[in-house]
Amino acid sequence: MSSHTVSTSLAVATLGTPRIGPRRELKSALESFWAGKSTEADLLKVAAALRAANWARQSARGVSVIPSNDFSLYDQVLDTSVMVGAIPEIYGWRGGPVSLATYFAMARGTQAEIAGHGCANGHHHGDSTPQGVPAQEMTKWFDTNYHYMVPEFSAGQSFQLASVKPLEEYREAKALGYDTRPVLLGPVTYLKLGKSADAGLDVLSLLPKLVPVYIEILGRLAAAGAKWVQLDEPALVLDLDDRERLAFRDAYGQIARELPHLDIMLTTYFGGLGDNLDTALALPIAGLHLDLVRAPKQINAVIAKGPKDLVLSLGVVDGRNIWRADLPDLLDRVEPIVQQRGAERVQLAPSCSLLHVPVDLELETGLDPDLKSWLSFSLQKMGELSTLSRALSGDRAAVQDQLSASAKAAATRRKSPKVHDMAVSSRAAAVTPAMTQRNSGFAARATLQHQRLQLPAFPTTTIGSFPQTAQIRQARAAHAKGAISDADYNTFLRGETARAIQWQEKVGLDVLVHGEFERNDMVQYFGEQLSGFAFTKEGWVQSYGSRCVRPPILFGDVSRPKPMTVGWWKYAQSLTGRPMKGMLTGPVTILNWSFVRDDVPRSTACLQIALAIRDEVGDLEQAGATMIQIDEAALREGLPLRRSEWKGYLDWAVECFRLCSSGVKDETQIHTHMCYSEFNDIIDAIAAMDADVISIETSRSKMELLDAFKTYKYPNEIGPGVYDIHSPRVPSVEEMTTLLQLARQRLSDGQLWVNPDCGLKTRGWDEVQGALVNMVEAARQIRQVSAG
């Protein structure tokens, strides 16, 4: 490396930080407020304290460009909707300041009991009950595991400045001594993230009405002293057409004409600009942020084509994953750029907002010391950037210890036997195409399965989990603290399992499940029993609102030391003569809901998990299981943002599912479950998975999702969900028979199973009992109609 350094100090910027607090203080404050145990003033006081602490922590770690307005009580897209007055009429807002009651109604609906209205896999947002108003729709933020509230627009949509939150938080920071860079979601990405209730409305046609509101708030920020404003436009890493590219030129041209002295840092992340590069470089902006973790090579084109006075924000530290950076390697990459452009035109930054990583690694006292030395959470990433800045600003000697420690950690990780297991890599290398194929085609398998299982037409089952009552959660917590012995906890769980099985028999279900009372989370339960995974105590990240998740850390080669579910399956099957499904989480879902190692391709890590699940499937079959369900709730979530990359992902994702499910005899029935709202564009991949039975979420779409399967002539069996588990409302027999008749119009009777949309973990037993009794009766009536 050249010893030449620049004399001016290099700016260190963050694009956004975790809002939840090191100990999830925001979660506690929100849930206390929602439960009526604290006041609005109490909540706002906690929020202000969290913001102040966030700014102080960044300043202390050498961040010189500190964001404001990155904080949110629920979601930054919802904040933007409120800011621009995009509040649907149903919420009763008629102008003026937007109350917290209105804000949270948009976020959560106004049903009486909101707790636990999510999907049982814990990664969905719930709908409201029929009373009150529903929440806005929620969906994934690009390809992350964060969820945003989808803006709703109508044909007569108007916008107005309804909230000055960005201005308030800028002033709040200024009063504390921090001159921040306010951050707002950019107008084009905001519109693209929304949806219209009116068919045929092009959301981008609303841009001329929206931009003046942005100009108003940006003008007020400038008047208050803001020299720079960060506008997030991650839509620039998506596939865009010429009309969408023109929208960027129109919006930013208008902003620049109205506010010529305000410097805009346009931020892009989650990928490279690709064919949108020329569009971005032609915009009248003062700075451009690039994700150089996901798209490191784009810097060359930007330097070659971009204006020489454009400030480049280099996203060189991974804002989405928890691995420590190799700082000497980064120095080698960044130094030539700084020398070429000058320190005043370069900023060092994470690749994206640090919202997607936990707050502070120092809170983890129980991690393996080697593993801990390879990790970096939000605060540590700020420190890494600060070290990099000092090394590039002539202060190399002062940070030599940090640089050496970084290099040592990277070298140790590359060679560690904790990461690399030759037996695993040898086994993965020996996988053959035959291992990803069932012995026979579906038609031959189905004949054998039907002979063996002797199920009625329209067989009834559930997706896997039953209600996790307060008693179960208390027992789990007590066991975790050591207050209940392993033996006593096991006895308690066996009792719950036995009751659930007796209850299912009484209701009349054809295919039973054991209820999953022993499982805390559908990914964590397996990760804790597989080598290559580690778990944190305080590694929380925000999923949505007050919901936080603690993703497993997939740090090394994966194998299964011993069976994970066989004991529970054998116990459950011993209590009934009816078929008991084995219940597993699929490899793609385990991968997509974890912090994944970055030293091998994701496909390699997934293949290893698939081999471990394959072993479990084989042991369940050996123990006598006739049906094994392998859930792939997150298969679709892993799709790359660019459609050109879909095939590559789907090829290996489907191969991994087939690898874990194809080692069984023809007469063993493989089930899978998926909870998505869109199948048309991946139906080929779903068919290629070749599961004998797939259960899907269809009740809210009135079975329209099945059109994709009908058009495709999908041959295998399908369980379209006949009731929405997200609502506590018990659907009538008639509602479910109506849905089944709609399903029969699209698929043959022999293909259809009858089941709820998703697992029942988050519902109460009273709701579940009423709904499943009606579901079994609906199936009985449809059998009569079909036979008649």
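Counting starts with 1 at the first residue shown.
Glycine residues also receive a Cβ, built from the backbone N, Cα and C atoms like all the rest.
Pulled from Swiss-Prot, these are the features on record:
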- HIS726: active site, proton donor (ACT_SITE)
- ARG24, GLU25, LEU26, LYS27, LYS140, ARG547, CYS548, TRP593, GLU637: 5-methyltetrahydropteroyltri-L-glutamate binding site (BINDING)
- ILE463, GLY464, SER465, GLU516, ASP631: L-methionine binding site (BINDING)
- ILE463, GLY464, SER465, GLU516, ASP631: L-homocysteine binding site (BINDING)
- HIS673, CYS675, GLU697, CYS758: Zn(2+) binding site (BINDING)
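Nearest Cα neighbour of GLU516 (L-methionine binding site) among the listed binding-site residues (CYS548, GLU637, HIS673, GLU697): HIS673. Of the listed binding-site residues LEU26, CYS548, the Cβ environment within 10 Å is emptiest of other Cβ atoms at CYS548.
Looking at the residues that bind 5-methyltetrahydropteroyltri-L-glutamate per the record, ARG24, GLU25, LEU26, LYS27, LYS140, ARG547, CYS548, TRP593, GLU637, the two CA atoms farthest apart are separated by 29 Å. Taking each of the binding-site residues LYS140, HIS673 in turn and counting other Cβ atoms within 10 Å of its Cβ gives the largest count for HIS673. If you check the binding-site residues LYS140, ILE463, CYS548, CYS758 against the residue listed as 'active site, proton donor', the ones with a Cα inside 10 Å of its Cα are CYS758. Counting other Cβ atoms within 10 Å of each Cβ, the lowest count among the binding-site residues ILE463, CYS675, CYS758 belongs to CYS675. Taking Cα separation as the measure, GLY464 (L-methionine binding site) is nearest to CYS758 of the binding-site residues LEU26, LYS140, CYS548, GLU637, CYS758. Distances between the Cα of HIS673 (Zn(2+) binding site) and those of the binding-site residues LYS140, ILE463, SER465 are shortest for ILE463.
Close to CYS758 (Zn(2+) binding site), meaning Cα to Cα within 10 A, are none of the binding-site residues out of ARG24, LEU26, LYS140, CYS548, GLU637. DSSP assigns SER465 (L-methionine binding site) to a strand in the three-state reduction.
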